[in-house]
Every structure is written in structure tokens, then in C-alpha cells.
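Novice: Pulled the feature table from TrEMBL, pasting it below:
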type     : residues      : note
BINDING  : Cys30         : Zn(2+) binding site
DISULFID : Cys30-Cys102  : disulfide bond
DISULFID : Cys32-Cys131  : disulfide bond
DISULFID : Cys42-Cys156  : disulfide bond
DISULFID : Cys158-Cys205 : disulfide bond
DISULFID : Cys163-Cys168 : disulfide bond
DISULFID : Cys176-Cys197 : disulfide bond
DOMAIN   : 30-156        : domain 'NTR'
SIGNAL   : 1-29          : signal peptide
Amino acid sequence: MPGSPRPAPSWVLLLRLLALLRPLGLGEACSCAPAHPQQHICHSALVIRAKISSEKVVPASADPADTEKMLRYEIKQIKMFKGFEKVKDVQYIYTPFDSSLCGVKLEANSQKQYLLTGQVLSDGKVFIHLCNYIEPWEDLSLVQRESLNHHYHLNCGCQITTCYTVPCTISAPNECLWTDWLLERKLYGYQAQHYVCMKHVDGTCSWYRGHLPLRKEFVDIVQP
């Protein structure tokens, strides 16, 4: 209809959602709930390995009154692990320009490669932010790299729970306890780097590193 407002692009709506989710009193902070790498892969629409060719600041929408900006990264896609049904080849990825909206800063024009996870919006654009799993490829362990092809995808029926304090016990048979923060005081510690929460034929899940069971202290922490 002439004169009717045009619907906002999906990435603009996502920017507004990120602004609404910004914690009160932390105007310049980006806050994300912790997630194990396996959870990130399972919950992301797109998972790729890529190099960043260039970056450019672009308007968030065609509306002249919209002052929001986006960073557009031109990338060279090396391999796609997830998202084949949504997009064939990714040339650009977008992220908020404002760091308080969880914008991601990546190194352009370098030899660095990244593992990138993100969303594919309704207009086909790929959107990433700091709450996605974004890591330099060289920082990933061999288990993580191998799991991108199969183990992470095949075990999305498992639930991973972050342990912050003891006691910490499973509440369902398909649950694995993620104890990196409890044991190492960091999220992406030894367990995140070297173990996969795998589902068995009986529906239960447990941590495995290749063919080796997880060390007992990771399985169920019940005592201080």
C-alpha cells in the first residue's frame, strides 16, 4: 500500500532485540550465557571455517533515520560444517558495529582463520555476535576440529549443564555436567577442548574423548 511503512530487515530487528537484552546498569557491556562448544554448534544455523578478507562499516538499514551501523566482513569460506540447506557459499558476514550490542572484532587481511558460528536471517544475510562461538582456528583442539564434522552434530540430543558450585548432579539421563568453570575457573578449559557429550543407544549421555571415558571427577561432582 502506498505510504505504508516498509518492514524492518531482520537484522535490524535483531539489533533492537540485542539492545533490549542489554543488562541494566551495564550500558557498555555485552553479556552472554555460557555454552559449551557442542551446544554452540547444535544451536547455530551456520558453522564455517573462514578467513577475513576485508571489513566495511555499513548502515543497518535503508532507512535514513536509522543511525545504527553494522560491520560487514568480506570472507573467504574454507569449509562449511553446517548450514548447507540455508546458504551455499558465504561471501559476507555482518555484526553490530557497537561493542555493547555484542559486535565481533575480527582480524582482516591476515592469514588468521576462524571458526564462525551464527544465524542466517530471513533475507539470507549471515549475522554473528559475541554470544556465538567464534574462535581462531589454530586455538581449536584436534578433538574439537574432528567433532565439527560428526560428533557435535550427532549428539545434539544431549543436554549440557554448566556447574558453578558443588554439589552439582545430573537431573536427567541425557545430561552431561560441564565442570571447566568449577575445576579451572574458566569456561573453555580441558573438558570443552577435549570431550564430547555423546548419546548411547539407551538414551543416556556421557562425556567421551575419542574411545576413552571421561575422568571420574568430571562425571558427577557431589561433594565440595
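Including glycine, each Cβ sits where the backbone N, Cα and C put it.
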Novice: Measure the Cβ-based neighbour count of Cys42 (disulfide bond), defined as the other Cβ atoms within 10 Å of its Cβ.
Specialist: 18
Novice: Within 10 Å of its Cβ, which one of these disulfide-bonded residues (Cys32, Cys197, Cys205) has the largest number of other Cβ atoms?
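Specialist: Top count of Cβ atoms within 10 Å goes to Cys197.
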Novice: Looking at the disulfide-bonded residues Cys131, Cys158, which sits with the largest number of other Cβ atoms within 10 Å of its Cβ?
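Specialist: Going through Cys131, Cys158 one by one, the largest Cβ count within 10 Å is at Cys158.
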Novice: Write down the Cα-Cα distance for Cys102 (disulfide bond) and Cys32 (disulfide bond), rounded and given in Å.
Specialist: 9
Novice: Do me a favour and check the Cα-Cα span between Cys158 (disulfide bond) and Cys168 (disulfide bond); whole Å is fine.
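Specialist: Counting only the Cα atoms, the answer is 17 Å.
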Novice: Can you grab the distance from Cys42 (disulfide bond) over to Cys197 (disulfide bond)? Cα atoms, rounded to a whole Å.
Specialist: 12
Novice: Need this for a regression test: disulfide-bonded residues Cys102, Cys131, Cys163, Cys168, filtered to those with Cα within 10 Å of Cys205 (disulfide bond). What's left?
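Specialist: Near Cys205 (disulfide bond), where near means Cα within 10 Å, there are no disulfide-bonded residues at all.
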